[in-house]
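Before we start, here is the structure in question, set down as structure tokens.
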Amino acid sequence: MIIRYRPLLLAVLLTVGLAAAGILRLDIETDIVRSLPAGEKVLADAALIFEHHPIHDQVAIDIALADDNPDLLVDYGDALQSELAASGLFNRVGFADVGQQLQELTLHVVRNLPALFSAADLEQHVAPLLTPPRIEQRLNRLVTELSTMEGIGQQRFIEADPLGFKDLILAKLALLTPSSKIRFYRGHLLSADGRHLLLTADPLGSGTDSTAARQIAEQIDNSVRLLAHRFNLPENQLSVTPVGAYRAALDNERIIRRDVQLALGLATLGIAALLLFAFPRPLLGLTALLPAFAGSAAALFCYSLLHDTISVMVLGFGGALISITVDHGITYLLFLDRPYQTRGREASHEVFAIGIMAVVTSVGAFLILSLSPFPIFTQLGQFTALGICFSFLFVHLAMPRLFPTMPPGSPRRLPLQSLVGRLSHPSKTLAVAALLVTAGLIFFARPHFAVQLSSMNTVGEKTRAADEAFATVWGDGDDRIFLMHSSASPADLQRENDRLLEQLEQDIEQNILASAFVPSLLFPGSRRQTDNLAAWQEFWHEERVARLTATLQNTAATRGFAEDAFSTFLATVNEPSVRAAEPVPADYYQLLGIVEAPQQDGLIQFITAIPGNIYAAPSFIEGFTEAVTIFDGSYFSDRLADVLFSTFVTMLAVIAVSVAVLLALFYLDLSLTVLTLLPVVFAYVCTLATLRFIGRPLDIPALMLAVVVFGMGIDYSIFFVRAHQRYRRTDHPSFVLAGSGVVLAAASTLIGFGALCFADHSLLRSIGITSALGLGYSLIGTFLLLPPLLTSYFNVRAGQSAAPTANPDQRLLARYRTLEAYPRLFARLKLRFDPMFADLPGMLAHRSSIKTIIDIGCGHGVPACWCLEHYPGSFVHGIEPDPEKVRIAALAGGERGRISRGWAPELPTVETPADVALLLDMLHYLDDEALHTLSAVIRPKLATGGIVVARFVTRPPGHLSWAWRLEDIRVRLADCTPRYHTAAEMAAVFTAAGYDLVCCEPTPTNEELIWLVARVAGEQGAPGAPPALS
């Protein structure tokens, strides 16, 4: 085995260097939510709210006490709050300021009651409080509260608002809390039963940053351990449950990193084991991993030049990428490791011929995947397409230089080759059964998508249990709608809040919303304040004021209140006076859902609403301008599922049409195109039906199904069809190698995707299951459907080729009918446009009987086949240096031709003397010595009266045609130096070799082409003068 170790070492070092450079240049993104499509408004709005809402990064800690001891619970909460605040990791910890702010807001509301109620509020909510029974009920409760601890500090509120108007406004603040069943106690939020305390903390950095998340987790754990010793409580007495984005970030990073290592490890070990048993020289098989690793490393580096970040999920796909790209190296080494000596370039040529279309379809499919609206699939499509391209280039550019020649290997037939031979044997029964199964399963193959936002991130069991426990006590916000808008200044923010409040109030009146809180309820703008004040004055007309005053004074007197106890309130009713409108004070920003816009000047407002009985998300969202961003969790999931379905269908249609068009252009044969697509259809139907049977609805990774089956699964069909087209027999050694390549490629890819099936992360695991099923069924469909169908196809076409037709040209073209598109087009175009076939009858007329023909430099065999169709019973012996042309000419010649590989002046073996030797358009490849040798060695091969018919290219004086220039370039690109001879020089060569010159003159239609006919000296020509050329 000849290996160039220095280039091999250089390739390994370059691979490691590119991979390291790519990793160092890229930031690894672990936040899967960032993969939401940006083009869909609902999804884009959700991404914006996730990014900017303060709760996104917030850490929430539930402190639970088994006993009903609120004071002990608060003491522990104070201690933990102090520990976290001292850590320097948080901007703010706890609700210490909230209690004070609520007191201040309550006083603000009481002082500004006339400015805070709209006309509708007054009629619907205030008016019912003014009836005598309600006033009596209210005052009775005030008397009770004043006699308890709750009444301390309430005197000023009772004097200014005895009927509790302020409560109508403040009640809407409940939307700002995680649950409506909570209470404030000593500056902390407690649950309704008093056994749970909620402590929140805002991190300095992003909660999804893995470094910050680890620091937060360590700080909380250390603080809890420290306080456990200080308070000395039993473990079952107190529990601390932290939740937040930081835990999801840590779990995602830990799980995905583990999955990446697992996938890469299992894929590499599995493929290595597979290669060890699949090659006569096992260690040689391991080198098939080199193109995969080199291609992946080069793809990673090039990707880093285009992007700054890469999703950790895309890296997790690396194991599958290695299994995808190892296919090229496997097939190349199968053709290289044979029982006889082989050359690297020849193996590369064979693999390129049968595999180029598979590479084009795979790259095309993954590039189409990069057009997906999901950023993660854009990254995956680009990264994988680059990996496939670079691996393919490495196989065909580097591998032949690393392994220039390979000595003969073991002649024994490997079990894999025997298996491929049995699998490739046509079985009509199995094919019919497969088609019937497909027809039956098609009714179960309708794709069904189910998407939950929680499935975008995978968390550990402890985190999931913590989230569920937290949601049970404090709620999860699923019943709420979030609105977001931004403004350049506080004044602009207030005006926009006024406008939104007016719109939301209309929705509340129509029962579209049950409730909503907007800061303008507390701090209205000047226009809204003026309108509210006017409504207040109109509402309190003289009759209503007199009735309220009498009822209130009479009721108050009977309950021990002073006569002027409510004079402040009555003054507000009669002569309202409020302060001028002002924007929301900065001290209340955090409480009222206002944050400073990052990376720009301005403010962002978050508004919370609860749906009403007739709420419909689409119409509700359409009612707002583009400036308002809205998130509704349920509608988000529905829209995400809709986008997935439409994206899946669109991508499936685009990829299917693209692949079908590519195949049609590649084959130029509709039947072969349909046959190649059949296993793909089989795989789609079976995969979708299987997913339905095992209860797995399609999720985001289902988008991979369209790409994997059409972009990769079809590779098996292409390899199989091309191998049939190229080698014709299933027992042909090269066909067996191509089939072995298909099996090994499928096995290696299934190993790669199978490794992902064991991933903990739901998205990676779903990719593994979906792709493994799709590729597995593609392989099954290839071996069940294609052998009998292709055998029938080629047998029928071969029968058509042999059928006699009236037109010799049609019979000639029929010989190429089952060949690739290029030789078919070449034969058709050459027959139509080359003047050779108009001149050739006149040249061959110099020999009366033609049975045996020698064609030197026969090319694709078109002139040879022309002779076979015009001279029934004739036989052609051809020689050609290009092995690809030898194969094509041999297939076209069929049983009446024998084409061998050789370089003139070599001649094919001829059992009987030949009647004609054809030297067509090849003499300018020969130097003078080879030309003289050729003219001499042909003569003994010719029968009595045998002739040499040559057409050669000369260099005419004056202007050179484009055709001459193209031919000159083509010869030079073939690493030859063209030798152009004049007609006189060529006539002298054959005369000197002992021939009688019969004809030497230019083609009438092209003076650059010269015809020469020479007969063996001393023989008589055919009767009659040769016809003139025309």
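Cβ atoms here come from the backbone N, Cα and C positions, even for glycine.
Relevant sequence annotations retrieved from TrEMBL are reproduced here:
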type	residues	note
DOMAIN	186-400	domain 'Membrane transport protein MMPL'
DOMAIN	649-798	domain 'Membrane transport protein MMPL'
TRANSMEM	260-279	transmembrane segment
TRANSMEM	286-306	transmembrane segment
TRANSMEM	312-335	transmembrane segment
TRANSMEM	347-371	transmembrane segment
TRANSMEM	383-403	transmembrane segment
TRANSMEM	430-449	transmembrane segment
TRANSMEM	643-667	transmembrane segment
TRANSMEM	674-694	transmembrane segment
TRANSMEM	700-723	transmembrane segment
TRANSMEM	735-756	transmembrane segment
TRANSMEM	762-786	transmembrane segment
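Each of these features: where is it, how hidden is it, and who are its neighbours?
Each residue in the domain 'Membrane transport protein MMPL' (649-798) gets a DSSP state, and the totals come to 132 helix, 1 strand, 17 coil.
Away from its own ends, the transmembrane segment (286-306) comes close to residues 11-12, 14-19, 21-23, 25-26, 268, 271-272, 275-276, 318, 321-323, 325-326, 328-330, 332-333, 379, 382-384, 386-395, 398-399, 402-403 of its chain (Cβ-Cβ under 8 Å, at least six residues beyond either end).
Beyond its flanks by at least six residues, the transmembrane segment (674-694) meets 434, 437-438, 441-442, 444-448, 659-660, 663, 667, 705, 709-710, 713-714, 716-718, 721, 770, 773-775, 777-778, 780-782, 784-786, 789-790, 793 of its own chain at Cβ-Cβ distances under 8 Å.
Residues 259, 262-263, 265-267, 270-271, 274-275, 278, 316-317, 319-324, 326-327, 330-331, 334-335, 338, 354, 416-417, 419-421, 423-424, 712, 715-716, 719-720, 722-724, 726-727, 729, 764-765, 767-769, 771-772, 775-776, 778-779, 782 of the same chain, all 6+ positions outside the transmembrane segment (735-756), place their C-beta atoms under 8 angstroms from a C-beta of that stretch.
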Same chain, outside the transmembrane segment (383-403) by at least 6, Cβ under 8 Å from its Cβ: which residues?
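Tertiary neighbours of the transmembrane segment (383-403) are 1-4, 7-8, 11, 287, 290-292, 294-296, 298-300, 302-303, 310, 314, 317, 321, 324-326, 328-329, 332, 336, 343-345, 347-348, 351-352, 355, 359, 362-363, 366-367, 369-370.
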By Cβ distance under 8 Å, which residues at least 6 away from the ends of the transmembrane segment (430-449) in the same chain are close to it?
641, 644-645, 648, 681-682, 684-686, 688-689, 692-693, 697-699, 702, 780-781, 784-785, 787-789
Roughly where does the domain 'Membrane transport protein MMPL' (649-798) sit in mean pLDDT, to the nearest integer?
84
